[in-house]
Amino acid sequence: MCRISSLYFRVLELLYKAPIFVKPRRVCPTPPLPPSDIKKYTVKTQEKMADTVSEQATAATASAPAPAPATPAPEKAPGNVKEGSSAAEQGGVEGSGKECEGAIGGARRDPDIKKELGESDEEDEGEEDDEDYDYDEEEEDDDDEDQEGFMSMLQNFLMSRLHIGSHPDVPQVLESVSVEGMVQYLKSGQVKNVITMAGAGISTSAGIPDFRTPGTGLYSNLEKYNLPYPEAIFDIEYFKTNPKPFFVLARELYPGTFNPTPSHFFIKLLHDKGLLLRHYTQNIDTLEHVAGIPGDKLVEAHGTFRTSHCLSCHKEYTQEWMKEEIFQDKIPKCTGEECDGLVKPDIVFFRESLPLRFFQMTQVDFPKCDLLIILGTSLTVQPFAMLVDNVPATCPRLLVNREKAGSIDPMVALLQGMANPGGLALDSPHNKRDVVLLGECDEGCAKLADMLGWKEDFEKLLPASK
């Protein structure tokens, strides 16, 4: 990790010609010698020092002047002091040995004391092994912390250098980049053209599953259809060869069996307040129509069940005709003369083009937008996700979702050479306009209505959802 970090920062130094400092990696100290080696080393050192002291004492005795006459001989020293040995020699050797043991052996205990305490060299070695193990675990924790800290620092640096999500010369419209700032902006009277963008998250409380939530999402519960991959159920090429799985699923999720959610009615409330310029939806459940949002205010980016067409002769069929075919467990076939083609609802499958109205209206609407509200979408499906970058640079953008979405990874931006890669700048230090309200869409919409002073009007619409 340390080598990788150094390499990344070296690359960045070359790119931006700015010195970057990396937290130095902690170096493991040299492990201590085992007690047995210390003991051997101590004994040898003591013997050498004893020899040295003895030589020095002998030399000092030889060079000393003769003793004065008539001096009485000293009494015999008690204990184990040999006759003929000098006190300096005996005391010097013994004292030096003790000093050596303390200096070189460190805080090593005397073997006799060890015996009394029931300790052994093997136990000391075991304790050292435990210390080494604990040290290894601390090293691993430090490595994880260093890696997380490095990636966070690198991300912030790249976002700062690349100005991701920022427009340095554009003024900030919001008084504060927060939910409160968004509400104040809406109440200020400056907002005239609100665009809402919605995904499956606004319909989950109606009983319609979203696509990608692990465990509960649609793609996680398609095993019974024996698909080669989950997305195949909406793949136009797979549909042409095996349409049965789609029509079985369509019967379970067919429009008309579900009711709009509070999120749908919040969008309707924006229309009633004269603020809604257009509602762009990825959903095909037609709940916006049921909620009372006018058709001219809607852009159904991924198509609709309201009409169907033959894939061969392009004859059009009504929603009622398609519903009858589906609920009779039939594979809808064209009734035209000399045509037996498959009839498919006008929803957009993978590998199909989006409706012409989508491209026409985005060119007209988004330059006018002065507030973009994004509801219940992961912003992963293109080209719908790219719409967030089509609003003016001063336009505030509010995301109401279970989790943050729509941000561009600064490392990806660097590798792709994008000076300003777009997307929401929720975590950028230069963020001037992007706000996230985390949680369920219905709860977020109810909170916004309350903060805006629209709670009474909002609640009047809700009984229609029952």
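Cβ atoms here come from the backbone N, Cα and C positions, even for glycine.
Per TrEMBL, the features are:
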ACT_SITE  His302  active site, proton acceptor
BINDING   Cys310, Cys313, Cys334, Cys339  Zn(2+) binding site
COMPBIAS  37-50  compositional bias 'Basic and acidic residues'
COMPBIAS  96-118  compositional bias 'Basic and acidic residues'
COMPBIAS  119-146  compositional bias 'Acidic residues'
DOMAIN    172-455  domain 'Deacetylase sirtuin-type'
REGION    28-146  region 'Disordered'
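Positions of the features from TrEMBL, shown on the structure.
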{"residue": "His302", "record": "active site, proton acceptor", "Cβ contacts under 8 Å, 6 or more apart": "Thr281, Gln282, Asn283, Ile284, Ile347, Val348, Leu354, Phe384"}
{"residue": "Cys310", "record": "Zn(2+) binding site", "Cβ contacts under 8 Å, 6 or more apart": "Tyr317, Cys334, Gly336, Cys339, Gly341, Leu342, Val343"}
{"residue": "Cys313", "record": "Zn(2+) binding site", "Cβ contacts under 8 Å, 6 or more apart": "Cys334, Gly336, Cys339, Gly341"}
Problem - Position of peak Cβ density within 10 Å, selected from the binding-site residues Cys334, Cys339 - result: Cys334
Handout entry: Env. residues of Zn(2+) site, Cβ within 8 Å of mean position of Cys310, Cys313, Cys334, Cys339 Cβ
Key = Leu311, Ser312, His314, Lys315, Thr335, Gly336, Asp340, Gly341, Val343
